[in-house]
Amino acid sequence: MFFHAYTNYMNYAYPADELMPLSCKGRYRGVEPPRGTVDEALGNFSLSLIDSLDTLFVMSEFDEFEKAVRLVIRDVSFDQNHDVSVFETNIRVVGGLLGGHVAALALRSNNSNRMQWYNDELLDMAVELANRLLPAFNTSTGLPFPHINLHTRKPEPIIHTCTACAGTLILEFAALSRFSGDPIYEKLADTALSYIWRQRNRFSNLVGTVINIFSGEWIKKESGVGAGIDSYYESLLKAYELLGDPQYLHRFKTHYTAVERYLGSPSTKTFPFSFLSVFMHKPSERSRMFMDSLQAFWPGLQAIAGDVDAAVAHHEMLYMVHKKNGLLPEAFTTDLDVYWPHHLIRPELVESTYHLYKNTHDPYYLEVGAELLESIEKYARVPCGFAAIEDIRVMKHSDRMDSFVLAETFKYFYLLFSDPKELPINVDEYVFTTEAHILPIGLPRTNPPVLNLNAKSSADELSISSNGSCPAVDKNASQTTTLLRLLIPQLRYSTCSTIKHYDHLEEIRQPLRNKLRAMKELKVEMTDMPSEHIAVPLTATTLNINDVTHLQMLRHMGIAVTVGASGEIQLKFNRTEVGGSSYSRLNLIWLLNNLIVLFEFLCFGRH
């Protein structure tokens, strides 16, 4: 599958940034009609090839990797007159070059026949590109401008940025400093990351989504683990893994405790179905009534941190959304219905599936991964690659294949189904960045790890099987891993028996399936019941805004409760969303009888 996408990109799109899989041609910035913020990741610098470098290496495709490195060195120029996203350019291009550099060093050091010609060219290119980004950090707070022109090196005068945009630079910039010997990159990234930490709400220990880069004022105070914040949390934990600085672990632990307290944890009755964003300054108030697909990375991060039980539950909920809709929609409601219908072949769900399998060795996650893979093959494969889905309700394709499909999605599938002994590296010695690029733990590294040069190629036949072995504690774990295991008090590690271990995980998943089944039965029951037999199921005085069942009842009457960015409450009625003809009069009766009382409750927290 990877090579179906990669080969078509190389044949029909290179040196463009992306493949347009329906048109079977390349997407160039400034040539194709603009798509708004989506194009901020593009800079006419062969994005998909750079993003794919260490995927080729991980798949042991060493010949193709060496060929790709030569092409990048020969063809790519960063002197492009385009405003690009500092965030996207860092994680995809700087990160891709560094991942390629790490792979090239490993090959050069362990095989006298490969990459002997390589002289740190990818590192030099990463330094050049990072230098073009540096003027973006010229602000009073140290938070970077969100966009910069690569040719003029002038930032676009936008004075607000997202938390993830400013807080997801530390891994790549720290690695760049350690490899190049120039401390400026790590210093700037740490300054930005530390400023966001200092601007957290001191009552809730949560951060907002959008911040003013000069005043430090929060523009959007919505706080969650999805779009706009996600990789900030990820960077804190992985910065500790990569660099060993305990301040990053302390910050992550503080934020993690706050997220569990206000968004939800296994001790919460409606967890994980109501894992909804809140306001950082009013954490008891939900800021939205839907979840987005980017938060699918969270169970993987929980697994890395050691909170396996919570990771299992959260992942199962996301997998149920996938099963219910065929693919994971870009956003979904608390009763797992589609909210935003598009699907971009994002990596987050398979990423979490991989980390849970790596942590538990439960073959259930191989089955999940196989189904996720089959769904992509079934719905997204087209003759010229893999196409994003514009609307999963009708499985309509979009002429789009983002570079992360090659950099992350297929890489995590490969890691999930591969025997670790057959990979060219020991993955436990590496951190995977938010774009899944490899960086060696404990930089700087004087002795590259020994490679397994007999590793199977990704073109070899792949068979999925389980030997039934019991996952056990690694007695030779590094100090970093040991400290991570102490992060979450309720951390579970199997010491056998295997059956009991797997049974425990299933005991977490099964009640969630039962709850979903009950929600489905309620939906059918309420839709099919004749109107004369329907009693008004809910009143404003009994409404619990955090109760999934209550919100579902409102949805079946065509009533959606939403909270705007500034906190305003909205009730929206849509006749097409009514759960059946029986509700056509019931919803109006309910609104008339309960509207005033409901607004008192929503606005003032009382009846």
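Every residue gets a Cβ built from N, Cα and C, even glycine.
When Cβ atoms from all protein chains are considered, those within 10 Å of Glu88 (active site, proton donor) total 23, not counting its own. Here TrEMBL flags Glu88 (among others) as active site, proton donor.
Summarising the environment of Asp230 (active site), the number of other Cβ atoms within 10 Å of its Cβ, over all protein chains shown, is 25. In this structure, Asp230 (active site) is part of a helix by DSSP. Summarising the annotation, TrEMBL assigns active site to Asp230 (among others).
Among the features that TrEMBL reports, active site, proton donor is placed at Glu330 (among others). Over all protein chains present, the Cβ of Glu330 (active site, proton donor) has 20 other Cβ atoms lying within 10 Å. A coil conformation is recorded for Glu330 (active site, proton donor) in the three-state DSSP classification, outside any helix or strand.
Classification of Glu348 (active site) by DSSP places it within a helix. The active site annotation in TrEMBL covers Glu348 (among others).
In sequence order, Ile91, Thr168, Leu171, Ser231, Glu234, Ser235, Lys238 are the residues near Thr434 (Ca(2+) binding site), counting only same-chain partners six or more apart with C-beta under 8 A. Residues or ranges marked as Ca(2+) binding site in TrEMBL: Thr434.
When other Cβ atoms within 10 Å of the Cβ of Glu348 (active site) are tallied across all protein chains shown, the result is 25. In this structure the C-alpha atoms belonging to Glu88 (active site, proton donor) and Glu330 (active site, proton donor) are separated by 19 Å.
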